[in-house]
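Visitor: TrEMBL lists E24 with the feature active site, proton donor. The active site, nucleophile annotation in TrEMBL covers K158. What TrEMBL records for K85, V105, S139, A140, D141 is substrate binding site. The Mn(2+) binding site feature in TrEMBL is assigned to D137.
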Amino acid sequence: MIDIQYSAEVRAAKDAGQPIVALESTIITHGMPYPQNIKVAAQVEQDIRDAGAVPATMAVIDGKLHVGLEPDQLKALGLAQGVAKVSRADMAACMSTGGTGATTVAATMIAAHFAGIEVFATGGIGGVHQGAETSFDISADLHELGQTPVTVVAAGAKAILDLAKTLEVLETLGVPVIAHGQDAFPAFWSAKSPYDAPLRMDSAEAIAKAHATRRALGLPGGQLVANPIPAADQIPAEELAPIITSAQADADAHRITGKAVTPYLLQRIFEKTEGRSLIANIALVRNNARLAAGIAKALTNGA
Ligand code: PSU
Ligand code: MN
């Protein structure tokens, strides 16, 4: 009944059994400003191709689930105003009403699993927000990681989130959190947070093998691979801390709630860093795309 619209490239890769990496689209519509969003979306796709895999950017367009976008569709999504942000809760409604929406990490995982794609690259995942003890704001991304078997490569989580609580929830949900090449859990714009990740692996092959072992055990849920931003591109945590505090205060003052919180904070931080946050964001997404391609290749090679 669900009629997936594959891009020509993803369709050919599926037929040939080539490695495929899923990409989300909320990062394009709500995570980065126009016009950089369009350039970055195309660049990240090309990074995956250069690393020997095929990119599959997900979105819902006119009610249809797209797995892989043609270049003109990718551009149109980045240009469009007021595109819906579609997560687990809204995905089916968006499709059944013929709507158009960009997929979050949670919705992209659902789409990837549905299409038989096991590896996904993004920037940062949603998590437990600061003040969650009163707001109860915990991203659906965490529950998705607990139930959908996709390995997600991200640069940790942003300091707009409460990292300690985010790690606790992931542990409760049984999600393996694997730092790549270091012990510390990365903090998005900074390579290291004060917290160690529960697991560490130093190669794409090891991560692929862990994924395949979970699959063989029949475990529901995915893995979170926390890949640090390259050192040359990071912004020191102490420099960002006051900016994040003031962005959070703005969000509280304007009574921003629900799914509007994350896009609002990202935009305020972009403004307050005069665009530096975006430069770091681009570097880490590209770095994650390359690692995800390596994991997808290792899985295809029988990890
Ligand atoms: N974190 C980022 N950049 C993003 C997002 C999160 O650093 O673009 C987006 C992702 O699509 C993620 C979503 O899945 O925000 C989480 O939103 P929420 O916190 O409302 O669950
Ligand atoms: Mn939320």
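Every residue, even glycine, has its Cβ placed from backbone N, Cα and C.
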Visitor: Which has the fewest other Cβ atoms within 10 Å: K85, K158, the recorded positions listed?
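Guide: Each of the recorded positions K85, K158 was scored; lowest Cβ tally within 10 Å is K85.
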Visitor: E24, K85, D137, D141: which of these recorded positions put a Cβ within less than 6 Å of any ligand 1 atom?
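Guide: The qualifying recorded positions are E24, D141.
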Visitor: Can you give me the Cα-Cα distance between S139 (substrate binding site) and the residue listed as 'active site, nucleophile' in Å, rounded to a whole number?
Guide: 13
Visitor: Over all shown protein chains, what is the count of other CB atoms within 10 A of the CB belonging to S139 (substrate binding site)?
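Guide: For S139 (substrate binding site), the count of other Cβ atoms within 10 Å is 25.
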Visitor: For the recorded positions E24, V105, A140, D141, K158, which residues place their CB under 6 A from an atom of ligand 2?
Guide: none
Visitor: Around the recorded substrate site, report the further residues of that chain (criterion: Cβ within 8 Å of the mean position of the Cβ atoms of K85, V105, S139, A140, D141; site residues excluded), sequence-ordered.
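Guide: Result: T26, S87, R88, T104, A106, A107, I125, G126, E144, T262.
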Visitor: Could you tell me the maximum Cα-Cα distance in Å between the residues recorded as binding substrate, namely K85, V105, S139, A140, D141, rounded to a whole number?
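Guide: Taking every pair of listed residues, the largest Cα separation comes to 13 Å.
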Visitor: Near the residue listed as 'active site, proton donor', how many other Cβ atoms are within 10 Å of its Cβ?
Guide: 28
Visitor: Quick one: among the binding-site residues V105, A140, which has the most Cβ atoms sitting within 10 Å of its own Cβ?
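Guide: For the binding-site residues V105, A140, the Cβ with the most other Cβ atoms within 10 Å is V105.
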Visitor: Per residue, counting other C-beta atoms within 10 angstroms of the C-beta, which of the binding-site residues D137, D141 reaches the highest number?
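Guide: Answer returned by the neighbour count: D141.
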Visitor: Just give me the nearest neighbour of E24 (active site, proton donor) among the recorded positions K85, V105, D137, K158, Cα to Cα.
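Guide: Out of the listed candidates, the nearest Cα belongs to V105.
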